[in-house]
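Chemist: Please read through the structure below; I'll follow up with questions.
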Ligand code: AMP
Ligand code: SF4
């Protein structure tokens with residue numbers, strides 16, 4: 001989120017609409033609300049009932065689509081995608097939705113998540129003659145659908161989905177219908193909404209608010225939702241398995257105004273911050289949060305501890321893709337791009353700096369330094385999640401344990417590396433309780449693999465990055 005100071009990025013966002021005369025425009029606004037989930041590429045595919053048309057490109061939604069483009073994409077159904085590549089590389093052909101034409105018609109796909117058996121499936125498909133146009137694992141799904149015989153499309157889709165392992169929230173569009181599917185563990189969020197006589201689906205409910213849609217419900221694990229001229233049909237392609245929604249959705253990814261599984265993200269994060277203040281209190285003068293994702297947790301920490309919340313850090317929002325990155329020399333002379341410490345607020349103060357997570361440790365280290373340079377007398381770092389000790393293979397860009405500071409260092413060592421006066425993380429049982437407000441149990445409904453190393457799916461050797469193979473094969477919760 002912070003350009004130069006954050007080394008990692010978010011996953012993807014999907015949006016779909018059926019039964020609206022300005023489907024492309026709706027998708028544009030929906031994707032814009034999901035922009036925080038991926039800034040590398042964006043795309044829309046529209047159906048007018050006869051044909052599919054597409055527009056996609058690298059960059060932000062506003063870079064890729066303009067009014068003329070949207071007007072030319074006339075139709076009453078559409079799907080869209082904002083991308084951050086966590087598999088398949090950054091090349092332009094991997095930008096979604098992927099759009100396939102065949103003698104039997106067209107199909108477009110937009111996918112959020114990662115398949116853990118994509119390499120195996122791709123090899124099997126290639127051995128039997130499939131030729132791939134992209135390196136994205138999403139294309140595997142299209143080939144599996146095509147391969148699944150000559151039966152009705154919905155049967156072929158079900159058969160294909162049952163071959164996938166991993167995390168997937170998918171929107172599909174053909175000439176006549178919009179289809180949404182969620183993996184049997186529900187690892188990614190996907191919601192259904194209603195707009196006028198039509199329907200929308202989105203990775204996050206914040207996209208419903210901007211298009212004036214009303215939230216209907218979450219799409220449930222293993223479910224297939226089909227929307228066409230006759231209405232909406234609910235079906236299942238697989239029995240639901242142990243629910244494993246990504247806990248990082250609550251901690252970091254989702255927008256604070258979104259609701260996941262009926263829980264408002266800002267409220268969950270506030271509870272995480274409150275619990276953190278309870279279990280790791282510290283004498284201090286001010287509490288500040290790292291904008292934007294940690295503000296809610298910092299407010300919770302301040303409320304619980306009675307230490308005032310202050311704007312000790314300010315983010316400049318207007319750093320676009322083309323902003324010229326300061327050279328190392330300029331950076332050393334104090335040129336900072338996105339984040340600044342507010343001197344008058346932190347000078348001479350004991351500051352609690354709340355962040356939602358530490359991945360590589362780069363952000364915390366820079367911010368502690370920044371606060372100290374601005375005159376803070378002490379900086380106490382409080383993290384509203386447990387240490388991230390294991391890589392993610394489900395669509396979050398933390399697939400290299402060598403880069404995870406907590407995989408390789410103790411909390412005391414991390415404290416020294418980042419230069420904090422004290423450092424605490426939120427213990428996992430408190431995190432689960434704060435998200436769920438229930439007792440933590442092994443089947444609490446969340447994926448916790450990056451904190452525990454207990455992966456909810458099998459891991460396939462062929463699909464793991466080479467550096468992780470030895471460490472992880474055979475690991476499962
Ligand atoms: P790092 O600087 O590598 O320790 O990253 C931690 C910071 O990045 C925190 O401020 C988080 O808000 C944010 N963050 C956490 N997970 C991710 C992710 N997968 N992609 C981008 N930023 C993240
Ligand atoms: Fe989310 Fe972590 Fe599980 Fe990946 S491993 S899906 S980031 S909880």
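Any Cβ shown, glycine's included, is placed from N, Cα and C.
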Chemist: Out of 12, 392, which does TrEMBL tie to the same [4Fe-4S] cluster site as 246, 447, 450?
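Modeler: Within the candidate list, TrEMBL flags 392.
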Chemist: Have a look through 293, 296, 410 and flag the one TrEMBL assigns to the Mg(2+) site that 355, 356 belong to.
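Modeler: Between 293, 296, 410, TrEMBL records just one in the Mg(2+) site with 355, 356, namely 293.
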Chemist: Are there any residues in the same chain, six or more apart in sequence, whose C-beta is under 8 angstroms from the C-beta of residue 450 ([4Fe-4S] cluster binding site), and if so which?
Modeler: 248, 388, 389, 390, 391, 392, 396, 398
Chemist: Run through the Cβ atoms and count how many others sit within 10 Å of the one on residue 12 (active site, nucleophile).
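Modeler: Looking across every protein chain shown, the total is 26.
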Chemist: Given 12, 293, 450 as the recorded positions, which ones have a Cβ positioned under 6 Å from some atom of ligand 2?
Modeler: 450
Chemist: Can you tell me how far the Cα of residue 447 ([4Fe-4S] cluster binding site) sits from the Cα of residue 356 (Mg(2+) binding site), in Å?
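Modeler: The Cα atom of residue 447 ([4Fe-4S] cluster binding site) is 17 Å away from the Cα atom of residue 356 (Mg(2+) binding site).
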Chemist: Whole-number Å distance between the CA of residue 293 (Mg(2+) binding site) and the CA of residue 246 ([4Fe-4S] cluster binding site)?
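Modeler: Each residue's Cα considered, residue 293 (Mg(2+) binding site) and residue 246 ([4Fe-4S] cluster binding site) end up 16 Å apart.
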Chemist: Ligand 1: which of the recorded positions 12, 356, 392, 450 have a Cβ closer than 6 angstroms to it?
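Modeler: Among 12, 356, 392, 450, near ligand 1: 356.
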Chemist: So if I draw a 10 Å sphere around the Cβ of residue 246 ([4Fe-4S] cluster binding site), how many other Cβ atoms end up inside it?
Modeler: 29
Chemist: Quick one, of the binding-site residues 355, 356, which Cβ has the fewest other Cβ within 10 Å?
Modeler: 355
